[in-house]
Amino acid sequence: MSGGSSGGQQREREILLVAHPGRAEITETARRVGKIFERAGIGMRVLVDEVDSTRIEPMDGMAADEFLVPGLEVTIVQAGPDAALGCEMVLVLGGDGTFLRAAELAQAASIPVLGINLGRIGFLAETEAEHLDEALGQVVRREYRIEHRMTLDVLVRVDDEIIERGWALNEASIENRSRLGVLEVVLEVDGRPVSAFGCDGVLISTPTGSTAYAFSAGGPVVWPELEALLVVPSNAHALFARPLVTSPESLIAVETVAGSHDGLVFCDGRRTLELPAGARVEVVRGKEPVRWVRLDSAPFADRMVRKFELPVTGWRGRKP
């Protein structure tokens with residue numbers, strides 16, 4: 001069907017496009033992607049706007065009329081658990097926020113996600129906009145590999161009753177709901193109490209999330225090949241409130257003190273869970289990973305230096 005249509009026969013290969021909305025250069029890039037896939041006989045679905053009240057912000061996508069281009073055939077879909085079903089992958093045009101939106105859809109369909117950075121740092125993206133044609137060529141030829149990134153499963157208990165469930169790719173951030181005063185918590189690891197303290201919040205992160213919010217809060221950078229859980233207190237009022245790195249099989253629990261403030265749990269900064277005073281948050285390794293499209297084998301150190309523009313002048317390296 002022609003651009004903007006929403007029905008038709010599904011092709012053997014189909015890719016879901018999730019793009020940051022509202023920027024002319026991204027719209028033009030998205031159309032370019034569509035034309036390349038059209039020539040290769042690959043169908044393209046395009047995510048359009050849909051508001052979901054359980055999210056902090058809408059699941060933004062392209063407007064349908066942005067693909068009204070003669071000769072360009074796309075399928076318009078709305079955000080939801082079935083948006084990516086049957087697709088080969090989810091392709092992202094944008095920054096890390098757009099990638100995290102797309103990761104929800106990719107995880108729900110158990111398919112990989114490929115990020116093309118059109119944002120600022122874009123740490124989650126696999127490649128930059130200037131390498132778009134090369135990246136799409138590899139996709140067309142199926143010259144890519146898939147890497148599994150661990151996730152977090154999150155639940156909230158009140159008196160042993162589970163009242164909320166969620167998941168995260170980067171981090172679960174436990175915060176004071178009112179942002180006034182101090183959130184009093186007790187940290188538990190594998191069924192044993194570790195420390196009680198007042199704080200602005202507690203971050204529980206994956207290695208993938210170690211370069212995101214946890215990094216800003218003073219946590220360590222963890223190579224994605226290493227499977228672990230990170231616990232990073234935020235502005236804690238305690239002598240011992242250091243970042244911790246635990247086994248990926250650990251159960252991390254944070255109990256809010258009864259009579260303290262109500263809180264919220266932010267999953268990837270996108271999905272919220274209610275946290276009444278006296279409730280308990282439990283975080284474990286997620287059952288369902290996010291599948292990552294890798295186009296090259298560049299070391300993580302090179303990616304980190306490039307994304308953060310780290311100075312390496314004076315490095316000599318080991319002589320062969």
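Numbers run from 1 along the shown chain.
Using the three backbone atoms N, Cα and C, a Cβ is placed for every residue, glycine included.
Bear in mind that the values here come from a model prediction, so they are computed numbers and not experimental data.
Taken verbatim from Swiss-Prot:
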- ASP96, GLY97, ARG101, ASN170, GLU171, ASP200, THR211, ALA212, TYR213, ALA214, PHE215, SER216: NAD(+) binding site (BINDING)
- ASP96: active site, proton acceptor (ACT_SITE)
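Where Swiss-Prot records a feature, it is marked here on the structure.
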residue	record	DSSP class
ASP96	NAD(+) binding site	helix
ARG101	NAD(+) binding site	helix
GLU171	NAD(+) binding site	strand
THR211	NAD(+) binding site	helix
> Within the chain of GLU171 (NAD(+) binding site), which residues six or more apart in sequence place their C-beta under 8 angstroms from its C-beta?
Replying inline: LEU152, LEU203, ILE204, SER205, THR206, GLY209, ALA212, TYR213, ALA214, CYS267, ASP268
>> Taking only the residues the record lists as binding NAD(+), namely ASP96, GLY97, ARG101, ASN170, GLU171, ASP200, THR211, ALA212, TYR213, ALA214, PHE215, SER216, what is the largest Cα to Cα distance between any two of them, in Å to the nearest whole number?
In response: 26
>> Validating a neighbour-count step here. Other CB atoms within 10 A of the CB of PHE215 (NAD(+) binding site): how many?
In response: 20
> How many neighbouring Cβ atoms, not counting its own, are there within 10 Å of the Cβ of ARG101 (NAD(+) binding site)?
Replying inline: 24
> What are the non-local neighbours of THR211 (NAD(+) binding site), defined as same-chain residues 6+ apart in sequence with CB under 8 A from its CB?
Replying inline: PHE123, VAL221, MET304, LYS307
